[in-house]
Every structure is written in C-alpha cells, then in structure tokens.
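Participant: What Swiss-Prot records for GLU355 is active site, proton donor. Per Swiss-Prot, active site is recorded for HIS386, LYS514. Annotation source Swiss-Prot lists N6-acetyllysine at LYS80, LYS228, LYS234.
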Amino acid sequence: MKNINPTQTAAWQALQKHFDEMKDVTIADLFAKDGDRFSKFSATFDDQMLVDYSKNRITEETLAKLQDLAKECDLAGAIKSMFSGEKINRTENRAVLHVALRNRSNTPILVDGKDVMPEVNAVLEKMKTFSEAIISGEWKGYTGKAITDVVNIGIGGSDLGPYMVTEALRPYKNHLNMHFVSNVDGTHIAEVLKKVNPETTLFLVASKTFTTQETMTNAHSARDWFLKAAGDEKHVAKHFAALSTNAKAVGEFGIDTANMFEFWDWVGGRYSLWSAIGLSIVLSIGFDNFVELLSGAHAMDKHFSTTPAEKNLPVLLALIGIWYNNFFGAETEAILPYDQYMHRFAAYFQQGNMESNGKYVDRNGKVVDYQTGPIIWGEPGTNGQHAFYQLIHQGTKMVPCDFIAPAITHNPLSDHHQKLLSNFFAQTEALAFGKSREVVEQEYRDQGKDPATLDYVVPFKVFEGNRPTNSILLREITPFSLGALIALYEHKIFTQGVILNIFTFDQWGVELGKQLANRILPELKDDKEISSHDSSTNGLINRYKAWRG
C-alpha cells in the first residue's frame, strides 16, 4: 500500500475549501432544494439492505471530492492488496485475509504462494463434524449424558464477535445454552459456573497462543471446577475443546488435540468470528446457518472489491465518516440498532473500529497531524432515547449516528414493532430537521399559554436539527443479512485506515498495560509496602494491600 499523508493531497485541500462553503448549509436546505435527494443518496444491497445516507451534510460535489481523496490515496490498490494476500499488516509482517474465511466461491487466495482455501475448508469441515456431534447428542460427557451448555472462554475478538452474533441470531438458536466468559475478574466465571452442570457442559477455550492471561486464568478455574466433580483428568477431553494453534499447550491442559481447531496468523482477533473462533456460533445456530453468515459477508466482500467507489457502500460510509471527523471535528459516532437482539453490535464495533484505527502514528512512523479513528458507542433503541439522545439532539457536540433496524421482526407481538420503527423513523427526521422557534411558539399559542411563559420556555423547546444520520434498513435480521452488515462495517473501517494512512490491523496499544500488569502482579503477592512506581501507583497499591487484609 502507498504511504500518503491525506492532508497533503490536492483532494484534501479542495475538501477544505468545500467545507468552508458547506459548514453553514443545513440538511433542511439540501432537501428543500432537491425533491429527489433520497433516491440520489441511498442504495440497496442484494435486496436485503437499504442504506440511506441522504440525511447528511453532503452534496454530490462533497462525495465527488471525497472520492477524489480515495483515488489519490490509492484505495483501489489497497483493496486489491488485501484480497490478494499481500502482507499489508507490515508491523507484524502478516497478510490480512478474514475475507478468505468466508470465500464461498472458493477461488484460490494465496499467501506466500500457497492457496489458503484447502486449509480453511478443512477447518470448516472439522467444525461441522464436531458441532453436529454435540448438537445431536451423539457426543456424551463423562457420565454418558449429552451436552446441554457451552461456555466460550476468550477475550477481545475471541469473545466480542461470537457473543454479539449468537445474541443477534438468537431466533435461530437450538437447544444448547450459550455462555461467554471473558473478564479475568473471578466474578465472571463464578457466576457462569453457578448456572451449569459439569456432567453436561462443554468449554471452548479460545486463545491462539494458549497463553492469554485472562483466558487461561478462566480456563484453569473452569478445569479445577470440573475436576472437583469429575475426578479423573482423562474426562477433561470430553468437556473441553480448544480454538488455538499451540498443540503442545493444548495437550498439556488435557484437551485432545483432535478437538483443537486452528486458525492462522493472517486472521486478526477482531476479524476472527469467521474462523474457528466462531465455533460457539456454529454450536448455537448450527453449521448451515453459520455458512449463511459467511455467505452474507462474502456477498459484501464481492460488492466491496468489485463495485465502483461512487456506488460502494463501505466506501461511501467511510468517506462520510472522514468528512465529519476531520472537517466538522466530530469526535464520536453512535451506532444505534433498533433491534434488541443486536444489543451487542455497538460494543463489537467499538473494538472493531477503535482497536483498528485508534492510532496516532502513520504508516511511515510519523505522528499524524489530522484525526484518525473516532470514538464508537451506542445502545439499542428505544433505550438510548431515554438515556443520551438529549445530548445528540440539543447538546453542543456533533454526533453522527447510524440507525439500524429490520423491517420484519422475529417477534411480531401486537404493534410493538410498528412502535419501534415509528421511533426509528422519527428520530432521524427530528435530528435532521429539528423544530423551529416559530413552530414552538405556535404550539404554545394554540395551548393558550400567556406571552410571559411563552417567551421564557420557547428557547428550551427549540431543536436546531442539522444532526447527521445514516439509516440502514434490513429486510430481516438473518444469518445472511447479519454477515453482510458486519462485513459492511469491517470494510468501512479498512477504507478509513487506508485513507488516513495508518495500519488498521495491528494493536500495539494493548501491550503496555499488559507488560506493566505482569510487572505489578508479583508485587501484590505479599504485604510489603511498594515504592518502586510513581507516587499515585504506589499509593493505590499500598491502599489495596491495607484494605484487603
């Protein structure tokens, strides 16, 4: 990939001038001038997804200039580099090929001259065989009983993705109860173990190296708990499987390496749900539905890699995000799914975006002089409306929002879904167009309010509007449509990383805290007063020691 400071491009300079012309233009003005704005600024994908980006502070000229920026930064070349297996994660010297994991067309994808697809397909087949044995009840625990509960032990990408997907696709789940443990806080594993029976529980230990501190601490606690009931260590093999590449450590733990599911160093953690890390998804919804999830993502991969940039949905969303982040100074983006099953979607892409593009050094190793990744946050609608929408509507910060909803619900209870969707539509309308002083005054006059009350209250009731949103309407949340939606956001993040000239697929920012924690841990073993750190850290450690007794 090319190393280009985006601010030094002609397109960026043109965008800066264009911003000066656009900064006072309102969304209401744009709609008033163009009755066809929706049709010009929306697109469908596979008759499964409608993306409406018309309620943004953009014009056709804005998008054209943003497309020029993408061209100058050689986005097309970067896309080809990723899909062809080039080692675009240069700081770790790795290819980035989560797209190979869902390559349902099975066309060869090469890394170091070797086609990775045979190995990908072999692991998928192994996942299929294993999951069918568990789901059918053919696989028995140490007392001859079938498995009823699955506990996935992992953290970061080994937890967030599988947990999000199994929750989002709960309407497709089978009889197995799914549990997820991530936090090294013993409370997390303790509370899960209260709910399960050692005779009928399968643990999935998800750690590529089988050395991740949080995961292995929880795995050993689960093993100890299991052996208190089972007694004989040989029974571990019937109740534990590994998602790892460290066969030696897996075997030493007591897991049969036949039940070790591999993945590769070209699979990044936050893009790993498509790999063996997704075994918990397979066990929850069945292999056929998992294949549908892969197929939806693959369809979006094809769209992203073959569609011209001006009609390319991940590219459009990425460019609009850069427009707000770098020109309007918007520091955050909210992801607001109007579907309770999607309640972990924002948390998943909090990691997906912030761990990918939360970088202050460019691909040349230079400190950047522009904004990189935004802060990502969000909650399901309508809960968020009663929590933080106040700030989005009337606060002093611009918060671009993505609203996501299915047209068809899995739970058609009376008029619940119509009420939910009426809020979905109303919020984007309110954010875009607001409520003027004149309208508020007329409402108060119609209510017979006296002029003094009217003059005092009116300013508090005015909504400026002009708050930007994207609306993503899905026909229904299915494995296919969810796969496509996840891939849409993945490729948006990649596109932004390319243009912002940063390495999206490493995560060195997680390392320093881990190193320091490993240094501090031995200091917590005794009651000696600590003086080896700064005064704040010393004070905190010493108060902890005093209070723990």
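Positions of Cβ are set from backbone N, Cα and C atoms, glycine also.
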Participant: CA-CA, which of the recorded positions LYS228, LYS234, HIS386, LYS514 lies nearest GLU355 (active site, proton donor)?
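Facilitator: Checked the recorded positions LYS228, LYS234, HIS386, LYS514; minimum Cα distance to GLU355 (active site, proton donor) goes to LYS514.
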Participant: Spatially, and counting Cα to Cα, which of the recorded positions is closest to HIS386 (active site)? Options: LYS80, LYS228, LYS234, LYS514.
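Facilitator: If we rank LYS80, LYS228, LYS234, LYS514 by Cα distance to HIS386 (active site), first place goes to LYS514.
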Participant: Could you tell me the C-alpha distance between LYS80 (N6-acetyllysine) and LYS514 (active site) in angstrom, no decimals?
Facilitator: 35
Participant: In whole Å, how far does the CA atom of LYS228 (N6-acetyllysine) lie from that of LYS234 (N6-acetyllysine)?
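Facilitator: Pair distance, Cα basis, whole Å: 13 Å.
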Participant: When you measure from the Cβ of LYS514 (active site), which residues in the chain that are at least 6 apart have a Cβ under 8 Å away?
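Facilitator: The list for LYS514 (active site) reads GLN213, given in order along the sequence.
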Participant: Please identify which of LYS80, LYS228 has the densest Cβ environment, defined as other Cβ atoms within 10 Å, among these modified residues.
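Facilitator: Highest number of other Cβ atoms within 10 Å: LYS80.
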